[in-house]
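Here's what TrEMBL has on this protein:
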| type | residues | note |
| --- | --- | --- |
| ACT_SITE | J:C41 | active site, thioimide intermediate |
| ACT_SITE | J:D48 | active site, proton donor |
| BINDING | J:V63, J:E64, J:L65, J:H82, J:E83 | substrate binding site |
Protein chains: 10
Amino acid sequence: MNEKLGAVINRPTKFLETFENPNPERNYHIRIDTPEFTCLCPKTGQPDFAEIKLDYVPDQQCVELKSLKLYYWSFRDEGHFHEKVTNMIANDLITLLAPRYLKIQAVFNVRGGLYTTIEVEHGHP
Amino acid sequence: MNEKLGAVINRPTKFLETFENPNPERNYHIRIDTPEFTCLCPKTGQPDFAEIKLDYVPDQQCVELKSLKLYYWSFRDEGHFHEKVTNMIANDLITLLAPRYLKIQAVFNVRGGLYTTIEVEHGHP
Amino acid sequence: MNEKLGAVINRPTKFLETFENPNPERNYHIRIDTPEFTCLCPKTGQPDFAEIKLDYVPDQQCVELKSLKLYYWSFRDEGHFHEKVTNMIANDLITLLAPRYLKIQAVFNVRGGLYTTIEVEHGHP
Amino acid sequence: MNEKLGAVINRPTKFLETFENPNPERNYHIRIDTPEFTCLCPKTGQPDFAEIKLDYVPDQQCVELKSLKLYYWSFRDEGHFHEKVTNMIANDLITLLAPRYLKIQAVFNVRGGLYTTIEVEHGHP
Amino acid sequence: MNEKLGAVINRPTKFLETFENPNPERNYHIRIDTPEFTCLCPKTGQPDFAEIKLDYVPDQQCVELKSLKLYYWSFRDEGHFHEKVTNMIANDLITLLAPRYLKIQAVFNVRGGLYTTIEVEHGHP
Amino acid sequence: MNEKLGAVINRPTKFLETFENPNPERNYHIRIDTPEFTCLCPKTGQPDFAEIKLDYVPDQQCVELKSLKLYYWSFRDEGHFHEKVTNMIANDLITLLAPRYLKIQAVFNVRGGLYTTIEVEHGHP
Amino acid sequence: MNEKLGAVINRPTKFLETFENPNPERNYHIRIDTPEFTCLCPKTGQPDFAEIKLDYVPDQQCVELKSLKLYYWSFRDEGHFHEKVTNMIANDLITLLAPRYLKIQAVFNVRGGLYTTIEVEHGHP
Amino acid sequence: MNEKLGAVINRPTKFLETFENPNPERNYHIRIDTPEFTCLCPKTGQPDFAEIKLDYVPDQQCVELKSLKLYYWSFRDEGHFHEKVTNMIANDLITLLAPRYLKIQAVFNVRGGLYTTIEVEHGHP
Amino acid sequence: MNEKLGAVINRPTKFLETFENPNPERNYHIRIDTPEFTCLCPKTGQPDFAEIKLDYVPDQQCVELKSLKLYYWSFRDEGHFHEKVTNMIANDLITLLAPRYLKIQAVFNVRGGLYTTIEVEHGHP
Amino acid sequence: MNEKLGAVINRPTKFLETFENPNPERNYHIRIDTPEFTCLCPKTGQPDFAEIKLDYVPDQQCVELKSLKLYYWSFRDEGHFHEKVTNMIANDLITLLAPRYLKIQAVFNVRGGLYTTIEVEHGHP
Ligand SMILES: [Ca+2]
Ligand SMILES: [Ca+2]
Ligand SMILES: [Ca+2]
Ligand SMILES: [Ca+2]
Ligand SMILES: [Ca+2]
Ligand SMILES: [Ca+2]
Ligand SMILES: [Ca+2]
Ligand SMILES: [Ca+2]
Ligand SMILES: [Ca+2]
Ligand SMILES: [Ca+2]
Ligand SMILES: [Ca+2]
Ligand SMILES: [Ca+2]
Ligand SMILES: [Ca+2]
Ligand SMILES: [Ca+2]
Ligand SMILES: [Ca+2]
Ligand SMILES: [Ca+2]
């Protein structure tokens, strides 16, 4: 965001904040998509781009939105294979939230004529 | 609606009206979507916008359309987190209608590059 | 239809014709949609518009297409609530056809910012 | 709109209301589309359906929205050929508003496999 | 935006900030659209919703993005007719920026089956 | 059309009917599209399929819709090259109507991986 | 295809050719759609148009593509009701192929404002 | 096309056939698109894919469809830069047809995150 | 990709490389689509085009992306029927990867008005 | 591209390469779009994302594709306002190519509910 009035300077971080699930008595879905994920190819060093789609059923904790944005930002200068980075994000969120269900889809931009998507699921929806 | 001929001035209200289900002998679905839901962010005070999708199977009562519109309007000046407000709407409608099935989806407008949807389900479709 | 050569003047009617299912030895689906359904609001008298989607598995009888068109036309000057008129159409077709399965979806045009759909199912597809 | 709380009963009318153009010092466009126009075929008596698209540059007067809706409604029980009814609407609005520019497009639903649109323009955009 | 970490509380304002056009030696277009405009109907008091599309060629000044967002927010509790509010926004921006060209389109949500768009242009693109 | 009640048996014909332009004092457009045109390939005898789009500004005469449908039908068993048949239709309509403007577009279905469209214009729109 | 170089003249035929399934050890799907099906209405003699969608799991035999095209062509001058012709095609292919699964969908063009689709299934996918 | 009955074996060729324009007395457009163009990258030898869009106004000659298909095929094993091959096709067709107008657009598949289109025009449409 | 700086010349190959599944402890999906598959028709020798969609759940090995691209390229000069080539690709990948699940869909470009898709599945998703 | 076989490690660079226009005798368009542009907000330091669309008519020089990709990459760690960075790219390409015509459109991702596009044109198309 273009915070030109009273701008807040932010930093990428691996630290994910949580808040208490306001309705843990019920199973419900939280879906958060971002088309703004980018990291580097570990072989060539060139940028990769992906849309990350998160869908989870919270137990006691929910992931805080701004910290999730900064967490995604933290991959910007890191080199990762598609399969590995998708599982890393899934593992970080599963460890953080112990959710009743979680799915991560990483839809990578085309490379060499190939369109690649990695989809990781934890538990049952 | 622009009721310029003989205009009726309306007010937002938490009071939801019902009418008797004309066909309670049968399970059937009533789906009511509105792209016109807005409330405030409880942290920053800024407006949030969402599309609210309701799908329910009535038992003895159905929700009256105009009162539902005024009920959605009543959130306009209130501050709520996404997860909480979606569960509040679900709870209010479940208490009012005791429906055989109910689902609420709140599709919030993008904030900080993140697209958030909350989906609450009650019973089985 | 614009039947300008040798025009046939038709009338709306509640009378639905049938013809014999040519293949009753098999379960198969007949789907007939019309975007041209209109009736009146019983409270305000103003026109409502809907798309009616019919899907059924015939037993011994199928509904004749032109009589279905005239039947839908017969609602043009009648006042009905959304829930009631959808169940009426379902009941009339179930009584007429005794189908192995039937579903009616009535997708009403937006009113007051609310998009309403009523869906009635009979039997299993 | 489903005005179930304190319902106002309305009537179709050929009488179109106007209000004063709030900014006559400037040329600007007002576009009003309705997918809810219906009249009758003058040959067969069967319903025709159309989307009516209006685009005009007001001079001293603007057409009032609710009266336009009731005006469109007034064609519901009248028989008109496609070409004639589109020119009628254009003429009525030109007489009423004396606009600097006006265009009417009537997009009729398919009949006999033919999709017909009539477009009338008055002045230059 | 969900500024949950170190949140900045903002206020709606009619005060629009500008910054110096970095390239006044060239004619170029700046287009800023928001689907998040809402004000009130001056007759009924009910909320209206619109998408506001701005397109301008700057002269010496550009409008600052965050102040534009707060400016749009300032209409949230005000009652305005469609035609008037669109011209008001155009006038405020023309006074502020003295742009070489400016166009405002306000695409209002459907009311009573009518879809209304107001388009104001200043100068030539 | 499925005219099962009191069916009228029709025949394909090259004879096109007209009716008097109800508003010759004004230039306006009549657009009639059909996705249901089929003729034969003059080399192989196999069926070709096209969508025919007609746009004209009438002078004293308009083409009658049902006769146009029967006219299009008359090509069903005839063999014609794409370029020729499109010009034939244009010529027949120009001779019949002496229109102020006319355009025919014939969008043929893909053959051998090639998508062909022929567009003929007469006069200026 | 426009086979203008060394053209082959073909004929419509009810004779369907097959070839041996190259991989009968596995269940797999073959889907063949054509938007180019046309026959005649048995009541009025006028042309009907449909898209035919075939999906099957072969056992020992597959249907040869060119003969399927000529088979569809063979209906061009025949009069059939929608329900009957769809079941005829299904029966012919089931008799020919003895497939492990087969589905035919016939999506007919709109007639009298009604959109009709017939769907026949044989076995389980 | 899968010409399995009485198959004709074809060859790629640079030889383009023409036929006489059946209506040279009139300016009209012939548009032929193919999504099936492929050649090789002259640097890496890897396949490139493009959609080729041709639009021309014939003078005395039209390009024959099947020979155009074989002509496009002839580039399959040749190495060419995007800009060059598009101009080559334009030049070959201009030399062949001496058209009143011609445009070639070559829409290449994405490479390295870049989507490239080359557009060559000859004369005025 | 247009590797004009320090170009690497590549060759088509049937040799598929693998790398170790970084997360074999979890079932997850890898989806790789290419719109750039082409081979030859074994009857006519003419080019066929298809989009190949791969979806698999890896066990111990994943297919390396660049080698998959070169593998698809290797079919460019080979003649294969649609059904056979799709099963060949499935078999090669199943032999290579011994995946927990695999699906191949080959969506071929239209030929003779027929759109053909072959879908092969191995195991359960 | 995932250059895992014989990988070439690349670096972002401001150095743009050119090659000689192969057809300077003709005005033609080269269009190159990338959805993969990212830089930083100069106020907050957070990433911005944009699609960059380039359209130019070359004179004596064309921009080399791979160097353009590396050039766009060079903005990844730089902070720039939307208006400035778009004019910078335009200026760099105009200086490099001295094109007969050039247009740059930068379509930025939504921030704070505002969708911003900057469009710079040089010369006439
Ligand atoms: Ca569930
Ligand atoms: Ca159900
Ligand atoms: Ca409609
Ligand atoms: Ca079934
Ligand atoms: Ca203007
Ligand atoms: Ca919206
Ligand atoms: Ca310009
Ligand atoms: Ca079609
Ligand atoms: Ca005009
Ligand atoms: Ca299966
Ligand atoms: Ca393509
Ligand atoms: Ca022209
Ligand atoms: Ca394709
Ligand atoms: Ca699963
Ligand atoms: Ca994108
Ligand atoms: Ca040009």
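Glycine too: its Cβ is placed from the backbone N, Cα and C atoms.
The residue listed as 'active site, proton donor' falls within a strand segment according to DSSP. When secondary structure is read from DSSP and collapsed to three states, J:C41 (active site, thioimide intermediate) falls in the coil class. Looking at J:D48, J:E64, J:E83, the recorded positions in this record, the fewest other C-beta atoms within 10 angstroms of the C-beta turn up around J:E64. J:C41 (active site, thioimide intermediate) and the residue listed as 'active site, proton donor' have their C-alpha atoms 6 Å apart, to the nearest angstrom. The binding-site residues close to the residue listed as 'active site, proton donor', defined as a CA atom within 10 A of its CA, are J:H82 out of J:V63, J:E64, J:L65, J:H82. Cβ neighbour count for J:H82 (substrate binding site) (all protein chains, 10 Å cutoff from its Cβ): 22. In this structure, J:H82 (substrate binding site) is part of a helix by DSSP. Checked against ligand 15, the recorded positions J:D48, J:V63, J:H82, J:E83 give no residue with a Cβ less than 6 Å away from one of its atoms. All protein chains considered, the CB of J:V63 (substrate binding site) has 21 other CB atoms within 10 Å. In sequence order, J:I32 are the residues near J:L65 (substrate binding site), counting only same-chain partners six or more apart with C-beta under 8 A. Highlighted here would be the recorded positions (J:C41, J:V63, J:E64, J:L65, J:H82, J:E83) whose C-beta falls below 6 Å from ligand 16, but none qualifies.
Listed in sequence order, the recorded positions among J:C41, J:V63, J:E64, J:H82, J:E83 whose CB lies under 6 angstroms from an atom of ligand 13 come out as none at all.
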